[in-house]
Amino acid sequence: MIKWGLFGAVKPFRSMVPLSQTRSLIISKSSLVRSKRVSTIRPQLAPVNPYSKIYGRRFFSSSHKLGVNTKEDSSTYLFGRKISTSESKMLKSLLVTIWPKNKPSFKLRVIFALSLLIASKLLNVEVPFFFKKIIDEMNVDWNDQLGTVGTVIGTLIIAYGGARFGAVLFGELRNAVFASVAQTAIKRVAHNTFVHLLNMDLNFHLSRQTGGLTRAIDRGTKGISYVLNAMVFHIIPISFEISMVCGILIYNYGLSFAAVTLATMLSYSVFTIKTTAWRTGFRRQANNADNQAATVALDSLLNYESVKYFNNEGFQASKYNTALTNYQNASVKVATSLAYLNAGQNFIFTSALTAMMYMGCNGVATGSLTVGDLVLINQLVFQLSVPLSFLGSVYRELKQSLLDMENLFQLQNHEIKIKDASNAKPLLLNSTGVPGEIKFENVTFGYHPDRPILQNASFTIPAGEKIAIVGPSGSGKSTILRLIFRFYDVESGKIFIDGQDISKVTVESLRRSIGIVPQDTPLFNDTILENIRYGRLDATDKEIHEMIDKVQLTKLIEDSPNGVNTIVGERGMMISGGEKQRLAIARLLLKRAPITLFDEATSALDTHTEQSLLRTIRKVLTKKANTHIAIAHRLRTIADADKIIVLNKGQVQEEGTHHNLLQNPNSLYSQLWNIQENLDIDEELNEYAKETEEQK
């Protein structure tokens, strides 16, 4: 009986036993792309001084690029105090988003919104003056001047109502005009962060907490919206309104009223700033606990089957409850400290209002002030309560939003390790002959400095040949595929494709030339059709159906209620492992890449389906004289390869054809083959029996 390998027909060399009897002896290996493991190590963030304050002198440099570290140590001030470097960079970055270069229409919209805001504040300050005049005009003899007084008062009432309505109208128009500005800024930052995350290396994503990342982005974008509105439409306008009120009080009523007002502003601001700085630590604790809770929940749901396999629902619920308890405790501290802040602010303002009312009543009693003046002073000071209370709210919410934005901008500050060199050029494959020669020259690489995976590995994969890479677990097989695909850069040595150093070609052109079937096939929560189309986005439905037939997915399509439009579930959990691998192979064939990599591409298939699919793959690959590399533990599937490279301890121990390697009975390949061919099965079973007996 003829067996089929990945690259062609293979005749049996000796008596073979069913794979089911020897599968337990096949040496296992790590997958090319593992399911993401949640790291318990929180990303190290730049320290934020909890006592840094906000309220403004030196402002922003328009040359600052979004999310880019700068070496300048220029200080930024807000609310009269120096804020931290990280907060300064965030504020500068936000200014760029609302005042972008080469977008005059965008700038005009910002200017128009600011104009509406100023008009709203001017009308708002006029309202108490109309009220004062109405009161004073009422204090006359109506019998002598009924018509005149009625006309004047009627006009003042209309003006009063018009000013109040106009202030509200201009304020709402301002919000409408600025809405697109804020949303555009949010979209830009979120998009840039997402693109930056996609450009990060594989190691970054394998070591990060997915739930924490998504929550940080969500809170960060909301924080951007608040900061933009607070900075542009509240801090400056509130300062403008307070200045106008103080000026009016000094001009009309002397320094005493203005002194009380200024003392109130100062006391209010100092109390708010100090208390908010104290509360910042509680908010940061709440954010960290919130991130941890989101991470635990997401990790538990992504690993739903593992939770069920080991009956650990209670354990996961306990972990989630612990994270929620930490968040609850931190949130209680946030709420109680907020109550203290609000009570203190109200006490300061109420004391000031009481003092000014006493001074005003005393003026009326002595005849130096009219009743209208008393009303005006009361209205002006009381009117300040809204922006003043909002000023405190703005400060504490601004600090909170900056904390929420902190992780978002820290993500953008992570260095992209795998990127194009300054002089990178597109990969040019051999156009005159067969493309895809791959050469490793003294390559050394390890995921950790103290544990190298490859050590001075050198070998050549000829163009157009079918190469298999085998070896014990941890010998570096999957690492080679990752390095070819440039998920990582080598520590030393070089990798060439058609004579070009892959570190000096563009990453996009390199990966466009390579197709891969990973052992763990990640799929999108989309239809079968769209998951296959992901291999080549411009592929037609007809081409996709051809690939479905070639990889024998027709039965799955026929049995599915929605056919090719069946949703495969998150990461493909709603279809079997074998179906996922066939779908991945269909996606690879659709890509038409000149270099193809197979990492245990048929490990989840039964023997019959595997043999049938291998024949199909061989036919497709034979038509294209390209380079094909396969990693396998089932040595029968790669025995027909043009060359087999045997790795051991990070180095090439031997290489050759299947026949040549078997001629040396002491070769590592022969040992692996003999184990799988059951020649040593009795010895293995005896050792297993002894170990079992010892354990008893």
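The backbone N, Cα and C atoms fix where each Cβ goes, and this holds for glycine too.
Remember, predicted model here, so these are calculated numbers, not experimental data.
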Can you check whether Swiss-Prot puts G154 on the same side of the membrane as K222?
no
Starting from the ATP binding annotation in Swiss-Prot that includes G471, P472, S473, G474, S475, G476, K477, S478, T479, I480, L481, R482, which of Y447, Y534 is the extra site residue?
Y447
With a Cβ cut-off under 8 Å, give me the same-chain residues at least six positions beyond the ends of the transmembrane segment (155-178) that come close to it.
109-110, 112-113, 116-117, 119-121, 123-124, 126-127, 130-131, 133-134, 137, 229, 232-233
Under the DSSP assignment, what numbers of helix, strand and coil residues are found in the topological domain 'Mitochondrial intermembrane' (359-373)?
11 helix, 0 strand, 4 coil
Given the binding-site residues R279, A343, Q345, find the one whose Cα is closest in space to the Cα of Y447 (ATP binding site).
R279
By a Cβ-Cβ criterion of under 8 Å, what residues six or more beyond either terminus of the transmembrane segment (228-251) are in contact with it?
55-56, 78, 91, 94, 97-98, 110, 113-114, 117-118, 121, 124-125, 174, 178, 181-182, 185, 257-258, 261-262, 265, 377, 380-381, 383-384, 387-388, 390-391, 394, 397-398, 401
Measuring Cα to Cα, tell me the gap between S478 (ATP binding site) and R283 (glutathione binding site) in whole angstrom.
44
G476 (ATP binding site) to R279 (glutathione binding site) - Cα separation in whole Å:
51
Quick one: give me the count of other CB atoms within 10 A of the CB of P472 (ATP binding site).
19
Using a 10 Å cut-off on Cβ-Cβ distances across all protein chains shown, tell me which of the binding-site residues (G474, G476) has the largest neighbour count.
G476
Going by C-alpha distance, which of the binding-site residues P472, G474, I480, R482 is nearest to Q345 (glutathione binding site)?
R482
